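Copied from TrEMBL, the annotated features are:
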type	residues	note
COMPBIAS	1-11	compositional bias 'Polar residues'
COMPBIAS	430-451	compositional bias 'Basic and acidic residues'
COMPBIAS	457-522	compositional bias 'Basic and acidic residues'
COMPBIAS	531-574	compositional bias 'Basic and acidic residues'
DOMAIN	36-64	domain 'DEAD-box RNA helicase Q'
DOMAIN	67-241	domain 'Helicase ATP-binding'
DOMAIN	252-415	domain 'Helicase C-terminal'
REGION	1-30	region 'Disordered'
REGION	413-583	region 'Disordered'
MOTIF	36-64	motif 'Q motif'
Amino acid sequence: MTSFADPSTFPSVLDAPVDETESTTTPAATPEVAAPTFISLGLPKDLVRALNREGITTPFPIQQATVPDALAGRDVLGRGQTGSGKTLAFGLPMLARMAAGGRARPLHPRALVLVPTRELAMQVNDALMPLGKSVGVFLKTAVGGVPYDRQIDSLRRGVEIIVATPGRLGDLISRGVCNLDDIEVTVLDEADQMADMGFLPDVTELLAKTPAGAQRLLFSATLDGDVDTLVKRFMTDPVTHSTAPPTAAVSTMDHHLLLIPPHDKFAVAASIAARQGRTMMFARTQMGVDRLVEQFAAVGVRAGALHGGKTQRVRTRTLAEFKEGRMNVLVATDVAARGIHVDGVSLVVHVDPPKDPKDYLHRAGRTARAGESGAVATLVLPKQRRTTLAMLEKAGVEPAQTRVRSGDAALTELTGAQEPSGVPVVDEPAPPRRGERRHGDRPRGERRFGDRPTGGRRFEDRPQGERRFGDRPQGERRFGDRPTGERRFEDRPQGERRFGDRDRADRGERRSGDGNFGERRGSRPGGGWHSGDRQGGYRHEGRARDHRDERPRDDRSWADRPRDERAATGERRFSGRRPTRTH
């Protein structure tokens, strides 16, 4: 039996002296729990050092939740909003697994990342490539809109990870230059967007080509509908991690419904576009995007257009200019903007309100990323108010409603709008790439003599010695093609013109032996003269052919002689030279 001490031996609290002062006793402090680190999540040291070099030292909540399970080889479902750190949540464990294995076989990547858009593929590649290099893992993007050659060449050399859009990857597989038999990890990023864009059949077919026992990681803003179909068919006992609600109810994001009159819509949009700060605007159609950009430029606001009708090179350049701050306004369609991750976007404007709550959430997700603050403004005409409010209710958003016109103080207070400069913006055309230039489009230093249009540039306009007359292939141009009398011989600088270039009218005034050229005589038999009546391309074509065997036999052209061997011609006529020699 347990014995307890006699309580009578303890002093009574009534016997203790009363302390009139307020007690300062504080409860024992609970020990602080150390914040998780990338090392504590189980990542290899080389990868953690590479993260530190990139300035990434603390894992985001979605990374803390998913990385350990992904490293353990489990299938993972991750739900989080754009900017929550999903790329590294699947990228880090994938890189760790690839680094632990061997090199990929030619045409057989070991890991696959499927994304809905080209821009997202490039952003994933840009985020993971420097980390991959640190552990000897190679990545390659496979997206449409760019040539196949480099993608195929990389696959033939062997890459561990391929980041692809469904369409281009299917094309590469059908060409026989990519095989998914060695895939160990498959990632579906922004899976709900791929389903919304109609990629579900392609995604299903691609997943069926990967080994059944491969690990699969799926990340999405929502995990319902078509996404749930993929989960049930291709994932085995997945663990689910969610760090965000399925709506845009982010505490750092403000939502505004701006009620505007129809005739004032563009003026309001232009004044918002002229604000200070990085702004993304959304229009419903490609034509609407282009029209807005042109109208903004006309009033002094430089903006970039991003939609599926642009070439990939233009889309990449536009997005780079927006990211680097060379322009502060990007106007896009829903499809083109899917997956765009740009830091510092402080305002998203729905110039055309979306009809689908998911589209609203994806647009709004371009701001207030990773804990930053941001605002979302929707321009609504009177006839759009009811349907827009119903859409926002489904999205779980309660916006503040305000009636505004262009120039109102309320518009400036809510969005930072200001009056555009009114000075039209004129962008200089981008310089064409060397590989795209042909013939007259290429720089002058690359052109053949015959490529220059007749009369486009006079021979004397070029610096002496830049190009020799004799560089032209023989027979490419007959001397007689140039109009007679276009330029007199004495008008040219000395040494730029060969003897055979003299006008025929001048040759008729001079008989054989009327003076010499360069004070040189030669008796070499069979010099630079040709017998017979052959025409075209010969350097001495056109000289009088009487007394040919009594002329100097030169072994080099007139232009090749040293200058001091020739008498200056100046304004002298041929008839004013030495008297004709007697025979």
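Every residue, even glycine, has its Cβ placed from backbone N, Cα and C.
Panel annotation: around the motif 'Q motif' (36-64), residues 71, 78, 80, 84-86, 88-89, 92-93, 95-96, 99, 130-131, 133-135, 241, 243, 370 of the same chain, lying at least six beyond its termini, place a Cβ under 8 Å from a Cβ of the stretch. Per-residue pLDDT, averaged across the motif 'Q motif' (36-64), gives 93. For the domain 'DEAD-box RNA helicase Q' (36-64), residue counts in helix, strand and coil come to 13 helix, 0 strand, 16 coil, using DSSP.
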